[in-house]
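Copied from TrEMBL, the annotated features are:
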- GLY46, PRO47, PRO48, GLY49, THR50, GLY51, LYS52, THR53: ATP binding site (BINDING)
- 38-165: domain 'AAA+ ATPase' (DOMAIN)
Amino acid sequence: MTVEAEIWVEKYRPRTLKEVVGQEEVIQRLMGYVERKNIPHLLFAGPPGTGKTASAIALARDLFGENWRDNFIEMNASDERGIDVVRHKIKEFARTAPIGDAPFKIIFLDEADALTPDAQAALRRTMEMYSKICRFILSCNYVSRIIEPIQSRCAVFKFRPVPPEAMRKRLLEICENEGVKITEDGLEALIYVSNGDFRKAINALQGAAALGKVVDAEAIYQITATARPEELANLLETALEGKFMEARSILDKLMIEYGMSGEDVVSQLFREILSSGMDEKMKVLLIDKLGEIDFRLTEGAHERIQLDAYLAYLSTVGKKRG
Ligand SMILES: Nc1ncnc2c1ncn2[C@@H]1O[C@H](COP(=O)(O)OP(=O)(O)OP(=O)(O)O)[C@@H](O)[C@H]1O
């Protein structure tokens, strides 16, 4: 593989717990396990790209040293066709004793919340069956989607969106290492579009750097199909002023030029309304309605009609506001 073809999210995967950034509390607790050379079953919960997989691997490395791979297996609950395949793989892996002087093996199961409650119940029995020689690390986006009997058998760790400062520092290190020139507005754009998702930030940086120019805000917004916050603010303001047709053409531009989906527009509008200077009563009105649109989109409603309906709603509310 050439250097250019190397994927940066892999290249910059933390090699030890110390390199995981922005999750201080979690990492401190995990380091305590490394010191004691033992772990209970663990449940990692949090948004995508915040370091759950990275921390599980870093923990295995810190516990087992160089040959960590011998005693670590990673599975994805939603990839594998059903719990039976997962159980079969676990059985195979757990059949043999830990290799070397490791006291146990680690099974990392990503997207555990994709399993149905029945499948989770089967998983729980499997966890119990092999708990002498295996520790499970389950990863999920929402703890509430994991059945109570599993939650109560695991130490729960909550990962948060990676904070801007931690992200900025690490992204600058990557730029320096890769010889990438980035402008200050490029860096800010990266932090804005990734919204705490480190995977997204690194991928966007690599994509923009591949264009071969200085990485600026324009490149980042283009590559991630994200509109600039100012453009969303403009859309919102125009619609609130009652200029429905003008707002529609701004929306056209966003969707065509940036290739944004209806859901992208809704989630960016959501961020824009929250961070805008409008009064709380207005925010409540607009977000309440946006929630309805969001729900309808997930139900498969026509996205352009829904977005136009929202702009129409903004025009009416705006006129009343005067
Ligand atoms: N907290 C972090 N510190 C350092 N690097 C990170 C962190 N979070 C993510 N990364 C980087 O992003 C990549 C993806 O992160 P990771 O696979 O750990 O995300 P995840 O939380 O498991 O997401 P998912 O829920 O989608 O599986 C890592 O390989 C690493 O390069």
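Including glycine, each Cβ sits where the backbone N, Cα and C put it.
Model, not experiment: these values are computed from the prediction.
Positions of TrEMBL features highlighted on the structure.
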residue	record	CB count, 10 Å
GLY46	ATP binding site	22
PRO47	ATP binding site	15
PRO48	ATP binding site	15
GLY49	ATP binding site	22
THR50	ATP binding site	25
GLY51	ATP binding site	24
LYS52	ATP binding site	27
THR53	ATP binding site	19
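Ligand 1 lies under 6 Å from the Cβ of GLY51, LYS52, out of the binding-site residues PRO47, GLY51, LYS52. The DSSP breakdown of the domain 'AAA+ ATPase' (38-165), given as helix, strand and coil counts, is 58 helix, 28 strand, 42 coil. The Cβ centroid of GLY46, PRO47, PRO48, GLY49, THR50, GLY51, LYS52, THR53 marks the ATP site; residues of that chain outside this set whose Cβ lies within 8 Å of it are PHE44, ALA54, SER139, PHE159, ASP197, PHE198, ARG199, given in sequence order.
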